[in-house]
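Novice: Pulled these from TrEMBL:
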type	residues	note
DOMAIN	9-409	domain 'Enolpyruvate transferase'
BINDING	K20, G89, R117, Q162, R332, R374, K400	phosphoenolpyruvate binding site
BINDING	K20, S21, R25, S160, S161, Q162, S187, D301, K328	3-phosphoshikimate binding site
ACT_SITE	D301	active site, proton acceptor
Amino acid sequence: MQVTVSPGIIKGTVTANPSKSAMQRAVAAALLANGTSIIRNPGLSNDCLAALEVAENLGARIKRTDDHFEITSNGIKPFYDEINCGESGLGIRMFTPIAALAAIPITIVGHGSLTTRPMHFFEEVLPQLDVKCTTQEGKLPLHIKGPLQPKNITIDGSLSSQFLTGLLMAYGAAAEDVTITVKDLKSKPYIALTLQLMAHFGVQVKEENFETFSFGKKQSYNATDYTVEGDWSGAAFLLVAAAVAGKAEVQHLNTASAQSDKAILEALEKAGTSILPGMFTVNIQKNGLKAFEIDATDCPDLFPPLVALAANCNGTTKIKGVSRLAHKESDRGLTLQQEFGKMGIRIDLQGDDMLVHGGTGIKGAQVHSHNDHRIAMACAVAALTADGPVVIENAEAVNKSYPEFYDHLQLLGGKIAVEANS
Ligand SMILES: O=C(O)C1=C[C@@H](OP(=O)(O)O)[C@@H](O)[C@H](O)C1
Ligand SMILES: C=C(OP(=O)(O)O)C(=O)O
């Protein structure tokens, strides 16, 4: 699919899409519980749909109604010996330890960008928990055979927090008097989100300095009612769109959320935009933009909207944490440099820093998403202040996290033409 975004003014109100990070965790917790859980405001992005399918294959029964999902489960009772996590990094890293709670051999597959992302962590860590595990030279497919036995263990958290999320979720159903110790954990707020979600489903973990995670007496997940929060990661693009090209109100955003990407507010403030955050609404307005400095090590998904913002700020913006981007849906430091380069914006990558030379004028161009949803969305936002239309190839990549994205941008006045069969 090819989408053309023309320069224009942003004005209007929109409701944030549901957070895929929250939804995927809730589906996993509902699978681990006994009974029927209700998930309200459910996400329907590809990553969320993949999580629902995995939960079904691991034993849950799922009923979809107009506005919620009912997930009925009796713990991990796989119907099949294979699960498919689609393109979701969180999905595979969270559901692998969960699937390993079962005693049968299970093959775990995925497609697209997921087939190139690193999984060697499992080969190193799962055998320490009595799970046999093989990969294809550190990549998919994974073959596992449990049952996983929670034990005291020390892991490396520097590549991704998602492996720890998976272990925490699985330990929640089976652990007794054990501790997970983590060295050099990155993306810490995502772990706060995991612990918050586990607590909502009745499982408590004692966390200290994001280094030790202790489980006391054996616990079990309670089936419950859960409403998925609005997604700060997707909304960040809309907030930046307003900051560079007009004004907007984005509703259903919890400013007290554990989501890491609410840090977009800090960047917008540093760039000098005018923000009015309510508890569940953010109003944002263009207001003379200046280059800024921010550390995005713990909120790596913000790089693409931050680059779209920085391209519009006079001066050189410095964003720290670029090494975190190498193993996302694309090598995002490089793809941002390449695609924004086509639009006339120079980006330098210096060690762990990204330098965006903004305020030099954005040019209309033909760009490519590299099958990375956040690259497609960043280019669409950059187009709003370009000197001509920006044509985005492989624009359907947004379906991974935010299928409503182009509709939402249009609701805010974005001029968008979609060509289905290019
Ligand atoms: O737990 C999660 O929901 C996520 C964690 C982050 O990954 P890392 O921990 O690998 O940074 C983030 O980039 C990803 O989009 C979603
Ligand atoms: C990296 C992302 O997701 P995941 O790692 O879950 O595939 C993302 O949504 O940008």
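The chain as shown is numbered from 1 upward.
Cβ coordinates come from backbone N, Cα and C, glycine included.
Locate each feature and note its surroundings.
Specialist: Over the domain 'Enolpyruvate transferase' (9-409), the average per-residue pLDDT in this prediction is 97.
Close to R374 (phosphoenolpyruvate binding site) in the fold, though at least 6 residues off in sequence, lie S233, D301, F303, P304, P305, K328, E329, R332, S401, each with a CB less than 8 Å from its CB.
Sequence-distant neighbours of Q162 (phosphoenolpyruvate binding site) (same chain, 6+ apart, CB under 8 A from its CB) are G89, L90, R93, M94, S187, Y190.
DSSP assigns D301 (active site, proton acceptor) to a helix in the three-state reduction.
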Novice: Give me the Cα-Cα distance between S161 (3-phosphoshikimate binding site) and R117 (phosphoenolpyruvate binding site), rounded to a whole Å.
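Specialist: Distance (Cα to Cα, whole Å): 14 Å.
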Novice: Where the criterion is a Cβ under 6 Å from an atom of ligand 1, which of the binding-site residues R25, Q162, S187, R332, R374 meet it?
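Specialist: Checked binding-site residues vs ligand 1; flagged Q162, S187.
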Novice: Please list the binding-site residues from K20, R25, R332 whose Cβ falls under 6 Å of any atom in ligand 2.
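Specialist: With ligand 2 as the reference and 6 Å as the Cβ limit, the list is empty: none.
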Novice: Around K400 (phosphoenolpyruvate binding site), which residues of its chain at least 6 apart sit with Cβ under 8 Å of its Cβ?
Specialist: S45, N46, D47, E87, S88, E329, H373
Novice: Across the listed 3-phosphoshikimate-binding residues, K20, S21, R25, S160, S161, Q162, S187, D301, K328, what is the farthest Cα to Cα distance, given in whole Å?
Specialist: 19
